[in-house]
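What TrEMBL says about this one:
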BINDING   Gly168, Arg169, Ser170, Val238  NADP(+) binding site
DOMAIN    9-123  domain 'Tetrahydrofolate dehydrogenase/cyclohydrolase catalytic'
DOMAIN    142-292  domain 'Tetrahydrofolate dehydrogenase/cyclohydrolase NAD(P)-binding'
Amino acid sequence: MTDIDAEIIDGNAVASEIRDDLTDAIETLADAGARPGLATVLMGDDPASETYVNMKQRDCEEVGIESYHVDVDGDAPAEELYDEIATLNEDDDVHGYIVQAPVPDHVDYREVIRRVDPAKDVDGFHPENVGRLVAGDARFRPCTPHGVQKLLEAAGVETEGADVTIVGRSDIVGKPLANLLIQKADDGNATVTVCHSRTEDLAEKTRSADVVVAAAGAPELVDGSMIGEGAVVIDVGVNRVDADNEKGYELVGDVEFESAAEKASAITPVPGGVGPMTRAMLLYNTVKAASLQEGVDVELP
Ligand code: GUN
């Protein structure tokens, strides 16, 4: 028996609203002769990455962003990837691009990121963009943390004064989200605890939080016993686990949904929570990049 009273936060619905607003901005750009362009770069043939990249291209098509794709052989030397990056940096039709992670072991992702023109770094991973974010002057907010902020806002969750516990300290989610949520801003002003694999008594730190963000990349790490009554639970995890179905796998989050939903006041599902928001915010950053590069002001959602 389960007893779920929690509001299920619908990431698909919120992402769809953002995409609608972006479509207006894209029309404004198009009227000024500036069609936004996003490129994806995939080195190797990781199946999950191929799926993500395909979805990103479909998203672009839906809102009127031109999409480009570059494949690099997984066995190629890093220089081949660097050459593609240099070409994209020079291509005026490409306002933003991402190099899908993970890259093969013989390629240093940090070096890859350093080579991306910061003005086109729609992931927000380049050290210049990380620095700007930490300084409270973000150019591109990384897509997943930004998506989490937008979801919280849409669900009517006040971050001001809230105790937020983030489980996971990744460069892509945990660290930037912590930095965004502590900023003196309407969608910040939280008191943030960042937990990781060496944290002692994780459950105590999640249980005392008003908002728990699970972003550790560990299937169902956070269960209901670790959630305080009435807390808001945001599940960033997307883990493929073996399953007895056609695909041979299923997607589960970092949260054990059933037990956590019994305690939470609101919770995101997997899939259909943070995932669609990440994709929407990539479109957002692409529109912002085009707006900045083309010198055309647009209203962003
Ligand atoms: N791999 C998993 N998440 C991401 C992301 O947000 N950006 C890129 N470039 N690669 C990823």
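Positions of Cβ are set from backbone N, Cα and C atoms, glycine also.
Curation plays no part in TrEMBL annotations; they are all automatic predictions.
For the domain 'Tetrahydrofolate dehydrogenase/cyclohydrolase NAD(P)-binding' (142-292), the model's pLDDT averages out at 98.
Once Cβ contacts within 10 Å are tallied over all protein chains shown, the binding-site residues Gly168, Arg169, Ser170, Val238 are led by Gly168. Taken through DSSP, the domain 'Tetrahydrofolate dehydrogenase/cyclohydrolase catalytic' (9-123) splits into 61 helix, 19 strand, 35 coil.
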